[in-house]
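Annotated features, as they stand in TrEMBL:
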type	residues	note
DOMAIN	4-353	domain 'Isopropylmalate dehydrogenase-like'
BINDING	76-89, 282-294	NAD(+) binding site
BINDING	96, 106, 134, 224	substrate binding site
SITE	141	site 'Important for catalysis'
SITE	192	site 'Important for catalysis'
BINDING	224, 248, 252	Mg(2+) binding site
Ligand SMILES: NC(=O)c1ccc[n+]([C@@H]2O[C@H](COP(=O)([O-])OP(=O)(O)OC[C@H]3O[C@@H](n4cnc5c(N)ncnc54)[C@H](O)[C@@H]3O)[C@@H](O)[C@H]2O)c1
Ligand SMILES: CC(C)[C@H](C(=O)O)[C@@H](O)C(=O)O
Ligand SMILES: [Mg+2]
């Protein structure tokens, strides 16, 4: 039976990078005899424009029926004036919640060819390999009550609720410990347990889950320190597990250690192996439509899709090897270019990866 893969190109550079990633997926499927069936639907701003809804019913149905989803990015200045519930970004939050994609894996891996593009000195990032495990369907992103209301004195007040249940903390902690077992057996849980009750509970539950994983070393860190440690000495981390908002911020920070946010893939997983795969970056309106976007984050997300949802790690490995090969050949999009180096377009980069898959 063929695996149903749904493409959601989205907005801005999303369609540009998804086009290249889909070509890589087709090539890998051909090469490794993987039976796939690709379809496409609208999510985000384009879905608002075409259907008046950031996550329209047809996309909902296609997403629920798919074995895996590959997304580009959503949002952009065109829709920035809309109220929060109607924005393109809400479409992304809704699909994550709808598919129960609570576990967001965001690897920050330095390709040695890009050491010079890192924001840090080469010796601090050589061999860098961190996995951020971000809780994705809870926390302050989803907590109720939320909104903006008017106070008696006439001024307005905005509020959100940072909430986690024990069950939600437990399942993300388990994902982090299981992930660490396939890596260096170390988990650092990042919270703000010196101030926020919700993260005091987070710490307690993570400790409880850790007692079932005596082979994995657990440490805790406050988020402010973690942000600092990520840029001071990033190689101290193996797996970082954290809540939705802290994980969003720390993964963009980690991106710059690897050279560019254009290099960072992600997998958002449910309790089985269904997943939504997307680059960590956004729709990059400043470079959209110019062929400047780096497609490698989305291409590497295809590798994660093959590994986690289709169980085809040989095809995933081949894509990662192909990415390394094009970097070896010196191909660079603008975000990872060295001064005076040759810069290729989104399409040229994508085609080079396709050709390198063997
Ligand atoms: N998953 C998503 O869909 C997602 C993620 C983040 C932001 N967004 C949305 O995207 C829009 C723009 O957000 P932003 O500017 O804060 O973040 P962004 O990630 O879109 O861009 C930040 C910077 O990184 C650069 N950049 C990003 N991806 C790149 C790539 N592949 N190649 C080269 N350079 C790249 C951009 O040019 C920009 O200078 C907003 O509407 C935001 O809500 C969506
Ligand atoms: C666009 C936005 C909703 C999203 C998030 O905050 O989760 C993005 O920043 C990300 O990192 O995937
Ligand atoms: Mg983000």
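Yeah, the Cβs are placed from backbone N, Cα and C, and that goes for glycine too.
Distribution of TrEMBL features across the structure.
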residue : record                 : Cβ contacts under 8 Å, 6 or more apart
76      : NAD(+) binding site    : 11, 12, 45, 88, 283, 285, 288
80      : NAD(+) binding site    : 87
84      : NAD(+) binding site    : 90
106     : substrate binding site : 131, 132, 133, 134, 247, 251, 254, 264, 265, 266, 280
224     : substrate binding site : 192
284     : NAD(+) binding site    : 12, 13, 73, 293
292     : NAD(+) binding site    : 333, 334, 335, 345, 346
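In this structure, 248 are the recorded positions from 76, 141, 192, 224, 248, 252 whose C-beta falls under 6 Å of some atom of ligand 2.
Among the binding-site residues listed (76, 224, 284, 288), 76, 284 have a CB atom closer than 6 Å to some atom of ligand 1, in sequence order. The Mg(2+) site is set by 224, 248, 252; from the centre of their CB atoms, other residues of the chain with a CB within 8 Å are 223, 227, 245, 246, 247, 249, 250, 251, 253. Fewest other C-beta atoms within 10 Å: among the recorded positions 96, 134, 192, that description fits 192. Screening the binding-site residues 76, 88, 106, 248 for a C-beta under 6 A from any atom of ligand 3 leaves 248.
The two recorded residues, residue 141 (site 'Important for catalysis') and residue 96 (substrate binding site), show a Cα separation of 11 Å.
Neighbours of residue 288 (NAD(+) binding site), defined as other CB atoms within 10 A of its CB across all chains, total 18. The sparsest Cβ neighbourhood within 10 Å, among the listed binding-site residues (248, 252), is found at 252. Annotation note: residue 88 (NAD(+) binding site) sits in a helical segment as assigned by DSSP. For the recorded site, residue 106 (substrate binding site), the DSSP three-state label reads strand. Its Cβ taken as reference, residue 141 (site 'Important for catalysis') is surrounded by 19 other Cβ atoms within 10 Å in the chains shown. Put simply, residue 96 (substrate binding site) is 14 Å from residue 248 (Mg(2+) binding site) when counted between their Cα atoms.
Taking only the Cα positions, the spacing between residue 96 (substrate binding site) and residue 252 (Mg(2+) binding site) is 19 angstrom.
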